[in-house]
Amino acid sequence: MGESESESEAPKVKLRPIVRLGMFLISHSHLLSVVCCTAGVLTLLLLPLLAKNTYISENALMPGSANPMLSSQEVSEANGLVKDLTNLDLKPMASGIESQRLIAQYMSNLGAEVSFQKFYPQSNQFHPLHFFSSPDSATIRENISCSSYGLNTVGIIRAPRGDGKEAIVLVTPYNSEKIGLGEALSLGIAYSVFSLLTRVTWLAKDIIWVVADSKYGEYAAVDAWLRDYYIPVFSGLGIQNAEMCHGLEENAITERDMRDGFKRAGTMAAALVIKVVDRSEQFEDSLSIYAEASNGQMPNLDLINIVNYLAVHRQGLRIKVEKMWSLLNCKWLMILGEILESLGHLAKSLNPQWKFGIPAVDYVEGTATLASSLYYQALGIPTGPHGAFRDYQVDAITLEISSRVSSNNKGRQNDFLLRGGRLIEGVIRSVNNLLEKFHQSFFLYLLTSPSKFLSVGVYMIAFALLVASLPMVAASLYGHANNLDPGFEKNKSNHPASASDELGITLRSWKWLYAAKKVLVVHLWGAVVLLLPYFICQIPNCSPTTSFVVWVLLSIFSLIILFWILGSPFSYVNASQPQQREWALLKSVTISAAFIGLCLMSVINFATAEIGALLMVPMCLMAHPLKLDVKSRKLRNISRVACNLALAFIGLPPTAFLVFKCVFEGFDGISVGDFWNWLESIWAWSSATYLYIGMIHLPCWILCIHVILHPC
């Protein structure tokens with residue numbers, strides 16, 4: 001009797017505040033998930049309001065602090081090159097090597113070190129062993145004729161004040177087989193700057209001018225040169241082959257400047273890709289900046305800032321960045337912008353120091369630019385040849401200049417070359433001032449305009465809110481599936497547990513391992529689906545639509561075999577007992593896997609993780625067996641059925657791709673083969689988005705469908 005009284009009077013264990021908070025969040029996980037998802041979407045829509053003005057973090061850059069030195073003399077010399085190139089292109093018997101000889105001769109006349117680099121066309125065929133590395137060029141050199149080689153022309157200026165340890169790179173892509181006026185003008189701009197830099201005394205970094213032969217693509221030419229630059233070749237065979245193929249041995253430049261083989265300078269501080277688009281702008285000369293590299297990598301923001309500052313405040317150019325043009329005419333987005341603008345005026349009337357809200361037009365343009373920045377970063381494909389530099393940790397951007405009027409006008413062409421050359425001169429002068437690599441400003445950011453950006457600390461808030469509820473919901477489902485809710489704990493405290501009860505609790509607590517086995521096997525199936533394109537590519541003369549259909553059929557066939565194995569009696573602890581709570585454990589482990597996958601993807605490519613979270617988080621949270629919802633016949637359950645079906649439809653990767661394409665580009669020319677072409681492009685560029693689709697998104701979609709169709 002005394003022992004029972006002493007036990008009843010024993011003080012209860014006081015839980016720590018963090019434990020009580022965790023229990024509270026788990027017990028209110030449904031409310032928490034609604035609040036977090038809503039807050040995450042709203043934060044994403046409010047991001048254009050949170051954007052800050054760009055600023056130059058590195059004081060040593062000092063853009064515009066010196067007057068430009070580029071004069072009409074350099075422009076006149078550049079005009080001579082442009083004229084010679086265009087005249088050469090008009091000759092019916094002219095070959096690509098003639099233009100390369102001409103450019104090399106102009107470089108040599110300035111006293112630059114000139115060299116040629118031969119490269120081979122690359123194959124985009126999928127190979128699983130080459131996904132994380134560049135294809136072996138030796139495997140694609142077979143049966144390649146001399147006319148199939150690409151040839152880059154490279155000129156190097158040694159800095160009079162430098163020690164040869166650092167360099168700045170200028171790249172001008174051009175098609176050696178057909179030189180257009182825009183390509184000739186881009187070569188003219190680069191040559192005018194190159195000519196100036198051979199005479200200045202302030203240069204502290206070597207200048208490398210790469211005239212990239214883009215007949216096999218701009219990126220391929222630049223990537224081939226960088227590969228040879230960073231991977232030394234100890235044989236002169238490549239140079240000899242280039243001479244034999246193209247007849248360069250007849251040129252005196254080759255005899256004098258190519259005897260030492262591939263020429264190099266120092267570590268690259270920055271790279272600028274110069275392109276001129278021969279189209280007429282409506283208002284003024286414009287400059288488009290392309291910065292996205294592979295897997296969402298971006299150059300240091302200071303590089304974009306100095307280009308923006310010099311172009312706008314020194315050369316009077318209008319800066320443009322990519323926008324999602326379909327969003328500019330979106331009515332609901334304009335209405336939302338007007339509401340936010342009204343709220344901003346209201347907040348300012350209450351307190352003049354509150355700076356909340358922007359004009360509705362600026363909000364729509366900011367959202368369109370932000371959506372484009374998210375899309376191209378999530379795609380994981382470089383938006384220009386500058387992406388090849390970022391793979392070697394070199395900050396680079398592509399500058400695409402377009403003129404207000406036709407460049408055929410002589411006076412207009414001189415002014416265009418002068419302004420473009422002075423812009424490049426100013427950027428080079430700023431980078432030349434650096435004593436170390438770009439490091440002060442941001443590497444992780446999103447642009448909402450050329451002069452506004454969102455840092456990683458701001459845009460991660462939306463993603464964090466979207467995924468915050470996933471671990472809480474997973475813990476809540478696990479607790480209910482194992483009868484560990486607070487009510488069960490009270491009943492257990494009133495009745496002492498026997499040995500059989502403790503054994504049952506132990507078995508129930510370990511039942512999640514069988515759900516984890518299903519999740520693991522389905523994710524392994526996702527890896528198999530990623531490898532199927534390798535075998536499909538072996539089918540000759542297979543159209544994109546046929547390839548997509550074959551890929552889907554093989555994936556479904558392997559999935560049927562998988563579920564036949566998982567549906568066997570060996571998948572359960574005891575087949576004779578009904579698995580009423582098995583779906584809850586499966587959903588709990590699926591949500592945990594989705595949470596881990598999204599968090600890992602946010603480290604590799606945030607944009608992919610953000611878009612994936614918008615599709616996957618609602619689908620994972622809403623997944624519920626249709627059988628239970630149909631039995632209840634309540635309005636809440638019927639609405640959940642409709643939401644599950646809609647989310648399951650939009651969550652399938654091919655469906656999501658086609659829906660977004662229809663929304664942003666229209667319904668013209670839409671086919672299922674478009675998804676296969678898109679899939680080919682992201683695996684050809686070794687995009688992490690390809691791995692995300694197969695290893696995270698698709699398996700989680702399959703598991704959610706399994707939960708929805710569960711025969712509980």
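Every residue gets a Cβ built from N, Cα and C, even glycine.
Quick look at what TrEMBL annotates:
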| type | residues | note |
| --- | --- | --- |
| TRANSMEM | 31-51 | transmembrane segment |
| TRANSMEM | 453-478 | transmembrane segment |
| TRANSMEM | 519-536 | transmembrane segment |
| TRANSMEM | 548-573 | transmembrane segment |
| TRANSMEM | 593-621 | transmembrane segment |
| TRANSMEM | 641-660 | transmembrane segment |
| TRANSMEM | 682-709 | transmembrane segment |
Annotated stretches the transmembrane segment (453-478) and the transmembrane segment (593-621) touching (3 or more Cβ pairs under 8 Å): yes
Dominant neighbour of the transmembrane segment (519-536) in 31-51, 593-621, 641-660, 682-709, by Cβ pairs under 8 Å: 682-709
Remote residues contacting the transmembrane segment (641-660) - C-beta distance under 8 A, at least 6 residues beyond either end: 548, 552, 615-616, 618-619, 622-624, 626, 629-630, 670, 672, 674-675, 678, 693, 697-698, 701, 704-705, 708
Remote residues contacting the transmembrane segment (682-709) - C-beta distance under 8 A, at least 6 residues beyond either end: 124, 126, 131-133, 294-295, 378-382, 518-519, 522-523, 525-527, 529-530, 533, 559, 563, 583, 586-587, 590, 593-594, 597-598, 601, 604-605, 608-609, 612, 615-616, 619-620, 623-626, 644, 648, 651-653
Within-chain partners of the transmembrane segment (31-51) [C-beta distance under 8 Å, separation at least 6 from its ends]: 25, 336, 340, 356-358, 362-363, 366-367, 370, 446, 448-449, 452-454, 458-459, 461-466, 468-469, 472-473, 610, 613-614, 617-618, 621
